[in-house]
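Input: a single structure, listed below in structure tokens.
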Amino acid sequence: MAPSVTIDNSSDFSPITTNFKTTSFNPRTLLLAPPSIASHEEKLRNVLATHDRTVTDLQMLDRLSAGLVTLPESTYDLVLILTDADGTRVESKGLLTRDVFGKITQALKAGAKLQAQDGTFGQEIDGAEYQEAILSGLVAEGGVMLKPDYSASVAVPLRLRRKDNSKNAAVSSAGPAVSMAAVPLHGKRKSVDMTDDVPEKDVPKVDSPKNDAPKGVGFIDFSDDFDAEDDDDELIDEDTLLTEEDMKKPLAIPPECAPRAGKRRRACKDCTCGLAEKLAKEDADKRATADSQLQALKLDADDLAEVDFTVQGKVGSCGNCSLGDAFRCDGCPYIGMPAFKPGEEVRLLNNDVQL
């Protein structure tokens, strides 16, 4: 008889996964270790011995800073930053950037704590760690950094008073309250007296408005004289505010408007210091001086020089120099001069051509 063989199809390498649920009785802890402590197995083992490994996670701080690992959101009740191998936190401080603080804050539960192993985290208010922790959303309380619990705030509902609609009465916009009446939807409509149930003595009299004007429309009294001056307004003459002594006082020119050496400063658009008037007066004086100098330069008859434009028997290349600008070429030296006869004497008197 041949021997029987039994084959086991079950996998021998199936890992056993255990889901640890975070409750108030087993708070989860995250240990952030600097790179230097990884080479000191004894120190790392001593730290892990003081924590329950079922609810404690260990992450390297340099890998978190480089973005190689991600932290679950709102998971940990305590995040503990371990010291370096030499007992200081010089290496860990260099890795705690603003991005790392943001990741740690997201991983903390509401009301969770962020501490250091040596207890020096967040003790210096002027330190960079304290400022970055505050900027990431943590608050300092009792010497530790906490993530505030905003769920504790309770929204208070605002209730508004409502009118009591329990009464079966309808209020008309044009009269008193009337009782409700049922109107059939099919067949002929019955005339319903809306005031049958209301006694006449209880019905107040409503005066009809005098003006049947639509709402929101105003009226203007055109009898008012809008152009007339209001007697209640007291007008002040500006000239009476200054005395003769005030007018004699020199204007106080600001230092920035004072004349300087070099390029002349231009006055402001709405100048009030007197610089605009001063510059205008200087320009007027310069123009008057130039005009007086031009008027003084006059030539007498003896000082006039005779200008002979042509020579008898000599003509230009085009032969039209004496005919006028309409017949002269572009390079003619007589452009702008009136037509003349060849050999005619031309005199200049006060910039005017005298033929």
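Here the Cβ of each residue, glycine as well, is placed from N, Cα and C on the backbone.
The region 'N-terminal SAM-like domain' annotation in Swiss-Prot covers 23-156. When DSSP labels each residue, the region 'N-terminal SAM-like domain' (23-156) comes out as 50 helix, 31 strand, 53 coil, counted as helix, strand and coil in that order.
Residues or ranges marked as region 'Linker' in Swiss-Prot (evidence: sequence analysis): 157-247.
The annotation compositional bias 'Basic and acidic residues' is assigned in Swiss-Prot to 190-213.
Annotation source Swiss-Prot lists region 'Fe-S binding site A' at 257-273, citing sequence analysis.
Mean model confidence of the motif 'Cx2C motif 1' (318-321) amounts to 71 (pLDDT, 0 to 100 scale). Per Swiss-Prot, motif 'Cx2C motif 1' is recorded for 318-321.
Note on the region 'Fe-S binding site B' (318-332): residues 310, 338-342 of its chain, located 6 or more positions outside it, place their CB under 8 angstroms from a CB of the stretch. Per Swiss-Prot, region 'Fe-S binding site B' is recorded for 318-332.
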Grouping DSSP H, G, I as helix and E, B as strand, the residues of the region 'Fe-S binding site B' (318-332) number 0 helix, 0 strand, 15 coil
